[in-house]
Structure formats: C-alpha cells, structure tokens
Amino acid sequence: VSISDVTSSESGTIRDKWGNEIEFLFSCIALSVGLGNVWRFPFIALANGGGAFVIPYVIVLLLIGRPVYYMEVILGQFSSRGCVKAFGMVPLMKGIAYGQVYSTAVATTYYASIMALTIKYLISSFADILPWTYCRPEWGAQCIATSEAIPQTTNETLSKHVSSAELFFTKSVLREADSLEEGLGWPSWDLVLCLMAAWILIAIILIKGIRSSGKASYFLALFPYVVMFVLLWRALTLPGALDGIVYFLKPQWDQLLNPQVWYNAITQMFFSLAICFGTLVMYASFNNFRKNVYRDVIIITSVDSVTSILAGCIIFGILGNLAYETNTSDISKVVKGGAGLAFISYPEAIAKFKHLPQVFAVLFFLMLLVLGMGSNVGMASCVITVIKDRFTFLSHWMLAVAMAVVGFVCGLVYMTPGGQFILNLVDFFGCSFIALFLAIAELMTIAWIYGVKRLCQDIEFMLGVKTGLYWRICWALITPGLMFAVLVYTLITLEPLTYNGVGYPVSVYNVAWILWGIGVAQLPLWAIHAIYKQRGSSFMEKFYNSLKPCRNWGPADPKLYQEYLVFRNNLPEADALPREHPPSLWSRFCNNIFH
C-alpha cells in the first residue's frame, strides 16, 4: 500500500500517513504492550490482592485508561499535529506538551539501557552452558548454582546464600556498586556495545519515519505473542506450574479496601497504556482524518490488560516450577520484582528446564527485546516528530541518527556500576513524577478550558457520531478527579527514594529534583511565552486570548479546515449557554458536560 500524504495548512509541508489502518493499531499495541506488562504487572497484582487486583484494575481501565486513550487519539487525529502543536487549542498550556516530550526523551535513555541488558543476556543465552547457572570462584561460598537442586530451603538458608543467577546479574553484568558514595565508576565495555546495538536498531526502524516504523510494527506487535504462547505452553507442562498460577490469581478480597491497591491500579494503568506522554497524540496525527478510531481504542486497551494477565500466568507458572524444584512452599521466597524478575528470577527458572534451556532463554530475551523496542520506537518517534514539526527543513533520517547518538551518550551513565541507582532515580523524578503533574494539567485543559462540549463537537464533525454521556462524565469529572487523588496520595506518602534499601547522597538527590523541576517548569515558562505572543493591548486581554484556540486551529488539511469553519458557524443556538446575565457557574458546568 502506498504512503498517502496530506498538505499541512500550517506549514505547507507534506505529512506522512500510515500505509494502512492496521499499522496504527499494531504500532499502538507495540507501544503500550511493553516491559511493564511482563515484569511489573504480575508483582503489582500479587502484592495488591492477587486475583482480586483485577477488579480495581478493570474499573480503572474503564474510568481512566480508556477515556484518556480515546481523548488523546481524537486530539491527534483531529489536528494532524504532533503533541506540541496540538495544544494550539489552548496556547497558554503548550508547556504541558513540552514537559511531556522532555519526560519521554528522558525515558528513552533508560529504556534503551534495559534493552542493552536484554541484548547482553540474549547473547549469553547462546552459550553451551548458560553463564548464570554455575558459580564462579570470586563469588565465594555464598553462591548456590541454579543448575543444582536445593534439598530444603529455609529462611536461614536464604539469608546466607545467594543464587548464581543473582550474582551473575549483579557482579558480572552490572558490576553493581553498593552505593554512590564513591561515584558512578566507569561503564562496562560490553554493556556499552550492547547499548550501541540497541540504538542502532532503533535508528534503523526510525530512519524513514512511519514508513519504516509502521512496517516494523507488524513484527514488534505480533512476535511477542508467539513467544508468550510458546512459554505459556511450556510453563503449563512443568510440575508445580499450576500452584504458581493459582498463587498469582488467588483473590485476597480484604485488599480491595486498601487505598494503596487502588493507587497502584491507577499508576499501573496510566504507565502501561503510555497515556499523557505525547506519544499517542503523535501516532494518531498520522491517521486519515475520518478514520473511526473508537474500535481501535477498545481493542488496544483490552489487549494491553489481557496481555498483563497472560504474562502473569506465564511468570508464575514458571516460578511455581522453581519453587517445586527447590522444595519451597512459599512462592514469594523465589520472587524478585522489577529488573530482578527479568534478569534473576526468570533466568533462574529457565536454568531448571531439563530440556533445551538455551532455546527458552533465547525466546524469552528476544521477546523482551522486541517489547522494549516497540515502546522505545514510539517514544523516540514522539521526540523526533516534535522537532520535525518545528524545524521542517530537517530530514527525518538526520533526526533519527541524532536521536540515536544523543540517546547513546546519555545512556552511558546507566552502563556504570552505579547505573541502576541512577536509573531508579531518573525513572521516578525524570519520568513518572513529572508525567503525573502534567497529566492532570492536560486533562483539566482539554476538559474545562477547551471544553468537553467543544471536543465532542469536534468528534461529531470528524467521525459523524455523538459522544455518549459515559465519555463526557469521565473526561470532565471522574478521570481528572482520580488522577488528582493519586497526586495527593503520592505527595502525602512521599519518602526519600532508595535503591535496594540504600539511600542517595544529598547532592545526587538535589540533581534529581532539578531534573523534575525542568520538566514541570515547562508549563509556566511556555505560558509566559504564549501570553507575550498574543495580540492585545493589556496583560489581561493577552491572557484571555491565550486561553482561546489559535486562529488556524482545526483540521490541518485546508479543505477540511474550511468545512470545519462552516460546521462551527452552523451549530444550533441550543448549544450556546443559557441566556442568563451573567450565566452561573452551575450553568457553565452543566453546559460543558451535558449539552
């Protein structure tokens, strides 16, 4: 299918379109279904009620995940602009998009470093003997080879011994430091080469924009499921696997009354779907204007949630086998969350496979690599699109190469012995914490400054459908309200960050707050710039004008833009505010949601 193009009324440049509609669907699946589904969700669920966690997770999907996903896709498709120019609807709040792009750029650097670790393990999986299955002399007597069965595991045994899989990860791969008191150290040359390979792969996929990344999405979205079903079949044939799956899915109903459970469900959904990072707006901007994305949104959000549960069954099926092999009745004793799941617990379990452990190791790490690649390509594309929209004379391949070079240089810090300390810090202060603030600002901007009412009118013009009350109430009240509750809860429970129980030097912690401050400061800085650029004789006039859509706001195609102006002019007067002098706040409130 040939690439179709559209001329932007704003810049006169040619903007690519997806080769066909399925590329958008697969690209969004590759973006949303990532590493978090495989290693974060199973243990978030386990720690928050097991099978009972699925209930708040589904509720949060319906009240936050799906409404925000639909809203961002609509915004991108309607404007045919990247996330920054899409905020032409409310120029005052353009800093939200700049902050999101900043956060996304930061995330690409550490995401690529996880891919580098995956490449390291993938290469190691081709060895005749898996290198994490045996002990090395320098690890001392505390090491227990994962290839050997342990007759009986007790708490005392666990406190005195460490598995070879864990020591391989911390001592051989990461060369992990005990703290940052003596500095970061020098990068490991082998991890540097793996990081370079990761960025080369990303650059190749991005080199021709969506014309190349769209085609790659078929593989990036589908291949992980092939591996998942192979691993699920293998897991179900292992002794003890069903005990592990039951342990994962067994409901702990008392946890439903715990506010921490609902907080974790909201944050997991928020970051799993990659909403409010600017990437969805960017992907949707390449859609055909009349494409009915409602079906795609339902499919993508459902697939993401089902994948998380599927991954949990695979993970705990294999960990159940590991517990069986080590005579451990408590499966939580063989569990390590976060990166430890992917690079300690899972390799440890694979080492117990009696037949072809190398094959399953290669499949697993290849799956992780593809999952990481799909997400990172989307995030890097978002950053490149924003730059391309601003500097239209730059070629896409130059931006892709520049992005890879800068990302590689920044990622070197994660390849040092203190790299995991920095990754943990950057993940929270440079990504998650920034995104939470800006997400609330985005939701309030679209729902109450631009207005739910006008957004629904835009949807009616674009898709020819009326927007139901469910979407209106979620956009206006429920979704921003729940996100604000998450922010308050985060601030109340905020404590100094640690990594493996070790705190950070004050100087490093201060740098982390600066990293956060740069992202959040984009909002007031660009607001000042927007007010300054507006027409008007006074500050208040400029301010009010900055709250209104810019003069050329609407579809980017000139013909559609003219049709949109006619549509706006012909809206019935019933859509106007009730004739009160002046209209009450309650009238404005009801008019925004219900009219």
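Placement of Cβ uses the backbone N, Cα and C atoms for every residue, glycine included.
Keep in mind the model is a prediction, meaning the values are calculated, not measured.
Tertiary neighbourhood of the transmembrane segment (41-64): same-chain residues 247-256, 258, 260-262, 264-266, 268-270, 272, 301, 305, 308-309, 311-312, 315-316, 332, 335, 337-338, 341, 474, 478-479, 482-483, selected by CB-CB distance under 8 Å and a gap of 6+ residues from either end. Taken from TrEMBL, the feature transmembrane segment applies to 41-64 (among others).
Beyond its flanks by at least six residues, the transmembrane segment (101-123) meets 35, 83-84, 173, 190-191, 194-195, 197-199, 202, 277-279, 339, 342-343, 347, 361-362, 365-366, 368-369, 372-373, 375-376, 379-380, 382-383, 386, 403, 407-408, 410-411, 414-415, 419, 423, 426-427, 430-431, 434-435, 438, 515, 518-519, 522 of its own chain at Cβ-Cβ distances under 8 Å. The feature transmembrane segment is assigned by TrEMBL to 101-123 (among others).
Below 8 angstroms of C-beta separation, residues 112-113, 115-117, 119-120, 123, 173-175, 213, 216, 373, 376-377, 380-381, 384, 396-397, 400-401, 403-405, 407-408, 411-412, 414-416 of the same chain, each at least six residues beyond the ends of the transmembrane segment (188-207), sit close to that stretch. The transmembrane segment annotation in TrEMBL covers 188-207 (among others).
Beyond the ends of the transmembrane segment (219-242), by six or more residues, the same chain brings 26-27, 29-30, 33, 307, 310-311, 313-314, 317-318, 320-325, 353, 360, 363-364, 366-367, 370-371, 373-374, 377 to within a C-beta distance below 8 angstroms of the stretch. Per TrEMBL, transmembrane segment is recorded for 219-242 (among others).
Long-range neighbours of the transmembrane segment (262-285) within the same chain, counting only residues 6 or more positions beyond its ends whose Cβ lies under 8 Å from a Cβ of the stretch, are 15, 24, 27-28, 31-32, 34, 36-37, 40-41, 44, 47-48, 53, 56-57, 59-61, 64-65, 68-69, 72-77, 79-84, 86, 97, 100-101, 103-104, 107, 293, 300-301, 304, 308, 375, 378-379, 381-382, 385-386, 432, 435-436, 438-439, 442-443, 482-483, 486, 489-490. Per TrEMBL, the feature transmembrane segment maps to 262-285 (among others).
Look at TrEMBL and you will find 297-319 (among others) tagged as transmembrane segment.
Using a Cβ-Cβ cut-off under 8 Å and counting only residues 6 or more beyond its ends in the same chain, the transmembrane segment (359-387) has close neighbours at 27, 29-35, 37-38, 82-84, 97, 101, 104-105, 107-108, 111-112, 114-115, 118-119, 121-122, 125-126, 130, 198, 201-202, 205-206, 209-210, 213, 216-217, 219-221, 223-224, 227-228, 230-231, 234, 274, 277-279, 282-283, 285, 342, 346-347, 350, 353, 394, 396, 399-400, 403, 407. The transmembrane segment annotation in TrEMBL covers 359-387 (among others).
The transmembrane segment annotation in TrEMBL covers 394-415 (among others). Among residues of the same chain six or more beyond the transmembrane segment (394-415), those with a C-beta under 8 A of the stretch's C-beta atoms are 108-110, 112-113, 116, 184, 187-188, 191-192, 195-196, 199-200, 202-203, 206-209, 380, 383-384, 387-388, 422-423.
The transmembrane segment feature in TrEMBL is assigned to 421-449 (among others). Long-range Cβ contacts of the transmembrane segment (421-449) within its own chain (Cβ-Cβ under 8 Å, at least 6 residues beyond either end) map to 68, 71, 75, 87, 89-90, 92-93, 96, 99-100, 102-103, 106-107, 109-110, 113, 177, 179-180, 184, 267, 270-271, 275-277, 413-414, 455, 475-476, 479-480, 483-484, 486-487, 490, 497, 499, 502, 504, 508-509, 512-513, 515-516, 519-520, 523, 547, 592.
Here the transmembrane segment (469-492) has Cβ contacts under 8 Å with residues 60, 63-64, 67-68, 70-71, 259, 263, 266-267, 270, 433, 436-437, 439-440, 443-444, 446-448, 452, 455-456, 592-594 of the same chain, all six or more residues outside its ends. Among the features that TrEMBL reports, transmembrane segment is placed at 469-492 (among others).
What TrEMBL lists as transmembrane segment is 512-532 (among others).
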Chain residues outside the transmembrane segment (512-532) and at least six past its termini with a C-beta under 8 angstroms from it
91-96, 98-99, 102-103, 106, 425-426, 428-430, 433-434, 437-438, 441, 497, 504, 539, 542-543, 546
